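Undergrad: This structure is in structure tokens; I'll ask about it shortly.
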Amino acid sequence: MSLTLAIYGKGGIGKSTTSSNLSAALALKGAKVLQIGCDPKHDSTFALTGTLQPTVIDVLTEVDFHHEEVSVEDVVHTGFAGVDTLESGGPPAGSGCGGYVVGETVKLLHEFGLYDKYDVIVFDVLGDVVCGGFSAPLNYADYGIIIACNDFDSIFAANRLCLAIKQKSARYRVELAGIIANRVDYELGGGTTLLEQFAETVGTRIIGRVPYHDLIRRSRLMGKTLFEMEGPGKEECTAPFLEMAEELLNRPRSTVPKPLGDREIFNVIGGWR
């Protein structure tokens, strides 16, 4: 059975860039990887393929949602390091339910038998929305992973995601592997001080620290992974992903988080420095 990861975090926190580089690192460690983008923007896998690929919803719409007329090749495309990629897509802006599309994508995965083909499946999930459809990847995941940075809004969203994982863990096998600290800046951003206090409070840990570096910004613009980039800082930027990949492949320590109440976290974060 595949190791299945569901990656969440506040909108704009860098989930797609982080997920793509983690998928690349897992592949470079020898794993056969499928990354699934669960966002109507359908740009999750851009860094792996260098293009915006057709989405599941695009393909299903063309065949009037007759699943039997869709092949694996219609929706799965191979990117850097042999990582296979799939974009679920979503309805037009202002209409429909994006969560429904995630459900359709999961259904297709089962019909294609893809869960048995891959060593690792990575779900890159829309923002901090954890309504029914967008929380569906947690039903299938071994581990949830939260991406956050060292600020209030990010930590508030992370706490809500901890609540979703806790609720899902009562019925499914999923637990929280930990938090990936993104855009870590020890000079201007306080490093990971707040995140470390939050992680300890809810009973988890930081599993990786990704620096705030211009190489990461440029890689996203160019549609490349960090492993394909050249220039100062490459090793600093790629090392955290290789370290996380190694730990995840060896099944990391995980927990069922103990989230704070919304009002409580407002009070608690205000007391952290």
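Here the Cβ of each residue, glycine as well, is placed from N, Cα and C on the backbone.
Pulled from Swiss-Prot, these are the listed features:
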{"type": "BINDING", "residues": "Gly12, Ile13, Gly14, Lys15, Ser16, Thr17, Lys41, Asn182, Arg183", "note": "ATP binding site"}
{"type": "BINDING", "residues": "Ser16", "note": "Mg(2+) binding site"}
{"type": "BINDING", "residues": "Cys97, Cys131", "note": "[4Fe-4S] cluster binding site"}
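Please situate the listed features within the shown structure.
TA: In the three-state DSSP scheme, Gly14 (ATP binding site) falls into the coil class. Non-local contacts of Gly14 (ATP binding site) by the CB criterion (under 8 A, 6+ apart in sequence, same chain) comprise Ile147, Asn182, Arg183, Val210, Ile216.
Counting only residues at least six positions away in the same chain, the Cβ atoms of Gly37, Asp39, Asp43, Ser44, Thr45, Phe46, Ala47, Asp124 sit under 8 Å from the Cβ of Ser16 (ATP binding site).
A coil conformation is recorded for Cys97 ([4Fe-4S] cluster binding site) in the three-state DSSP classification, outside any helix or strand.
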Undergrad: Minimum Cβ neighbour count within 10 Å among the binding-site residues Lys41, Arg183: which residue?
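TA: Lowest Cβ count within 10 Å among the binding-site residues (Lys41, Arg183) is Lys41.
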Undergrad: Counting Cβ atoms within 10 Å across all protein chains shown, which of the binding-site residues Gly12, Cys97 comes out on top?
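TA: Within the set of binding-site residues, the most crowded position is Cys97.
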